[in-house]
């Protein structure tokens with residue numbers, strides 16, 4: 001399962017059967033009763049051709065109803081979002097020519113129905129105590145909550161370590177910006193770290209989707225660790241992209257499609273930023289526009305930040321400018337000019353104190 005398909009599967013499918021949902025409660029009841037079961041979500045044209053027998057219900061879904069109906073041998077068909085029970089005790093006759101790697105009759109039928117219809121099919125094993133999801137050509141066995149929680153907590157610890165390193169790299173980059181010593185190597189290094197941190201965040205979100213109501217604490221820890229990271233990276237892209245009118249969200253989306261190995265090559269990051277001419281990243285100086293640092297000044301609207309960036313070439317030009325020069329920028333009065341001047345000095349002082357020497 002590639003990362004994009006896996007993310008979509010976790011977001012759309014695993015959420016439906018996550019702990020805390022009515023559907024998962026019903027499935028767990030069937031699992032504990034050891035009756036086994038076959039549940040299909042969706043009754044489209046493809047389904048009509050393979051359903052045989054059973055009886056039509058069209059009643060609201062409830063865990064208790066699912067539990068009782070699973071005592072019968074046939075499959076249960078729900079509507080697409082699992083809020084209604086449409087049919088019960090039906091026999092499913094998918095095309096036998098469709099390949100299946102499963103051995104048990106129930107699981108083999110489930111896999112073929114999923115491949116033939118594209119619907120979500122849930123197979124509850126009678127003997128093995130396993131819940132298996134089939135969706136199109138995808139197969140996924142639901143794991144024990146304890147196992148997922150352990151993996152999620154390990155991922156949070158890993159994220160915490162990577163985020164600490166990233167925070168220090170961003171601080172060091174800020175200090176170098178004020179010293180006008182930034183090269184594209186430092187920019188690439190920060191982008192690589194951001195990519196790794198966002199990948200770990202994506203993994204944790206997949207766990208959260210599968211954990212459902214059991215994942216609240218994991219979600220809180222995740223938000224605490226990476227709440228402003230996307231904003232930080234978008235501003236970083238605006239600072240260092242070749243063209244000022246680049247769409248930073250598009251650059252970020254392209255970056256997240258790259259593998260860690262691809263981004264270890266600095267030239268790939270430079271291409272994402274719009275630089276196609278090869279140069280020595282260790283020596284080539286990079287001048288930030290100032291979006292990221294200016295956004296750290298409280299009560300400074302985005303329009304004012306844009307006006308400042310267009311009026312001055314970089315942060316240091318703003319820092320060196322006197323109050324009169326700042327006042328001349330559109331939308332900046334005397335009070336705001338003083339706010340900007342004091343804010344930049346304070347940020348510079350803090351960065352120099354926190355940098356890794």
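Backbone N, Cα and C define each Cβ position, glycine as well.
As recorded in Swiss-Prot:
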DOMAIN    7-145  domain 'DAC'
BINDING   74, 92, 105, 106, 107, 108, 109  ATP binding site
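Per the record's binding annotation for ATP, residues 74, 92, 105, 106, 107, 108, 109 show a top Cα-Cα distance of 15 Å. Residue 74 (ATP binding site) falls outside any helix or strand according to DSSP and counts as coil. Within the group of binding-site residues (106, 107, 108), the Cβ with the highest number of other Cβ atoms inside 10 Å belongs to 107. Other residues of the same chain near the ATP site, with their Cβ within 8 Å of the Cβ centroid of 74, 92, 105, 106, 107, 108, 109, are 38, 75, 104, 110, 113, 123. Other Cβ atoms within 10 Å of the Cβ of residue 109 (ATP binding site) number 22 in total over all chains. For the binding-site residues listed here (92, 105), the lowest count of other CB atoms within 10 A around the CB belongs to 105.
According to DSSP, residue 92 (ATP binding site) is assigned to a strand segment.
If you average pLDDT over the domain 'DAC' (7-145) in this model, you get 91. Under the three-state DSSP scheme, residue 108 (ATP binding site) falls in the helix class.
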